[in-house]
Each structure stands twice: as C-alpha cells, then as structure tokens.
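Engineer: Pulled the feature table from Swiss-Prot, pasting it below:
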- Glu51, His59, His61, Glu110: divalent metal cation binding site (BINDING)
- 10-123: domain 'CRESS-DNA virus Rep endonuclease' (DOMAIN)
- 173-185: region 'Oligomerization' (REGION)
- 237-264: region 'Disordered' (REGION)
- 17-20: motif 'RCR-1' (MOTIF)
- 106-109: motif 'RCR-3' (MOTIF)
- 194-198: motif 'LXCXE motif, interaction with host RBR1' (MOTIF)
Amino acid sequence: MASSSAPRFRVYSKYLFLTYPECTLEPQYALDSLRTLLNKYEPLYIAAVRELHEDGSPHLHVLVQNKLRASITNPNALNLRMDTSPFSIFHPNIQAAKDCNQVRDYITKEVDSDVNTAEWGTFVAVSTPGRKDRDADMKQIIESSSSREEFLSMVCNRFPFEWSIRLKDFEYTARHLFPDPVATYTPEFPTESLICHETIESWKNEHLYSVSLESYILCTSTPADQAQSDLEWMDDYSRSHRGGISPSTSAGQPEQERLPGQGL
C-alpha cells in the first residue's frame with residue numbers, strides 16, 4: 001500500500017513532453033495512439049521521435065501541444081500497448097513542456113531518417129516568459145499605476161494566476177506604494193476653552209499665589225507675630241516691585257586706603 005504522505009502525481013499543462021524508455025513501438029503508431037488518448041484535450045501538434053542509445057536500444061520522445069490544458073493525475077494514463085502483444089506495456093515519463101521550441105529542437109537533434117520520426121498537425125512556436133520579462137512587466141506596473149485600485153487591476157490582468165493565490169501580498173504592496181494620507185490632528189478641547197474664567201482666576205489668585213498665615217507658620221515654625229510681620233513685608237515688597245520702582249544706579253566710591261605715616 002502506498003504511503004498516504006507520498007506526493008500526489010499531477011501534470012497540468014497544454015504542452016506535454018513524454019519519454020518512453022526501451023520502447024520498440026513505431027513512432028507513427030505511438031502518435032496515433034496518443035491522439036486517441038488525448039482527444040478530449042484537442043491536440044494541435046504531436047511529434048514522436050525514436051532515438052537509439054549507444055547499445056542500440058530504442059526509446060521514444062514525444063512532444064504534444066493541446067488546445068486545452070491537460071490534467072493528468074494517473075501516471076499510467078498515457079501507457080501504450082502493442083497490438084500484436086497486449087502484454088507489452090510501455091510506460092512514459094510525463095512532464096510539462098516549459099519551452100516547446102527547446103523540446104522540439106532536443107528530440108529532433110540527431111534524427112538520421114524519416115523512419116524514426118512522425119509528425120502530425122501544425123507546430124505552435126510558444127515559450128514560457130522568462131523571469132526577466134516578468135520582472136520588467138511588474139516594474140512597468142509599479143511605475144505607471146497611480147492608485148491601489150489601478151495597481152491591483154493591472155497585476156490581475158498581467159499575472160492572473162499569481163493574483164489569485166497571492167492577493168494579500170499584492171494588497172500589502174499596494175498599501176505600501178499608495179499609503180493612506182496622514183490625518184490632521186484636531187485637539188478634543190480647543191485652545192479657547194483652556195483660558196481661565198473669572199471664577200477660576202479668583203480662586204487661583206487666592207489659593208495658588210498667596211500664602212496664608214497658618215501655612216507660613218507651619219512651614220517655617222515662626223511665631224505668629226513674626227510670621228505676620230514677615231508676610232506684611234513680603235506683600236509690601238512685592239507690591240513695590242510690581243509698581244515699577246526703578247533700580248538704583250548709584251554706587252558709593254570706596255575710600256582710598258591711608259598708608260602708614262601719611263598725615264592729614
């Protein structure tokens with residue numbers, strides 16, 4: 001019994017590259033058989049080429065181009081049998097042909113006669129876009145888009161498969177390219193509401209900018225009479241300075257020191 005953790009076989013592509021090792025089938029017979037097996041995918045072109053190893057044993061290469069994308073989940077789906085010997089089964093290695101041009105050049109590189117080659121249909125010269133082409137397309141999208149919506153729309157049109165499986169990544173990129181505008185801060189309380197009103201102004205002058213006799217005695221441990229005198233002096237002093245008394249600019253000249261022995 002196969003392990004449940006074994007990877008599931010699947011080939012999903014319009015273009016298939018098949019290799020039948022040690023295959024003695026005629027290329028034309030293999031081609032006709034594959035046309036029947038792949039009929040539902042509407043084949044456009046099939047090339048079957050027989051190649052001989054150095055020891056003389058043959059193997060068969062086949063390139064198939066379909067109109068519809070083939071979904072092959074059974075590795076034995078394209079097995080071929082001989083009419084004369086139904087027990088002779090030829091099992092292929094099945095791959096997606098990423099570049100049909102290169103595959104066709106590879107399988108026909110050393111064909112020595114038409115007997116070893118069979119072709120049907122019209123070859124479609126297609127190839128998968130390279131990484132450089134995809135990078136250039138993405139760069140053009142980034143530079144030309146002007147909003148998140150336009151960026152995501154262009155990515156969806158150019159890279160539909162990537163867009164369907166990596167939408168969150170593209171949305172993150174869109175937010176990075178076109179961030180939300182910074183909101184202007186509006187204070188909850190306007191500056192005008194912070195101005196002291198008359199009631200608060202009176203309380204402020206009475207409690208914050210004045211010293212009661214009891215507080216002064218408590219802080220300085222001064223007798224009541226002395227504390228009262230100190231507070232009256234501080235009040236008078238503060239009032240005189242608030243009244244704008246100009247500071248004195250006169251200064252007494254120091255007397256010259258009298259040296260010993262000098263008379264009057």
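Glycine too: its Cβ is placed from the backbone N, Cα and C atoms.
What you are looking at is a predicted structure, and each value in this text was computed from that prediction instead of being measured.
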Engineer: Could you give the residue numbers and ranges of same-chain residues that sit at least 6 residues beyond the region 'Oligomerization' (173-185) on either side and whose C-beta is under 8 angstroms from one of its C-beta atoms?
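Structural biologist: For the region 'Oligomerization' (173-185), the list is 142, 145, 147-148, 151-152.
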Engineer: Counting by DSSP, what is the helix, strand and coil composition of the domain 'CRESS-DNA virus Rep endonuclease' (10-123)?
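Structural biologist: Tallying H, G and I as helix, E and B as strand, the rest coil: 25 helix, 49 strand, 40 coil.
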Engineer: For His61 (divalent metal cation binding site), which residues of its chain lie six or more apart in sequence with Cβ-Cβ distance below 8 Å?
Structural biologist: Phe17, Leu18, Thr19, Ala48, Val49, Glu51, Tyr106, Ile107
Engineer: In the region 'Oligomerization' (173-185), how many residues does DSSP put in helix, strand and coil?
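Structural biologist: Reading the DSSP string over the region 'Oligomerization' (173-185) gives 5 helix, 0 strand, 8 coil.
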Engineer: Who sits close to His59 (divalent metal cation binding site): which same-chain residues at least 6 apart have their Cβ under 8 Å from its Cβ?
Structural biologist: Thr19, Tyr20, Pro21, Glu22, Cys23, Arg50, Glu51, His53
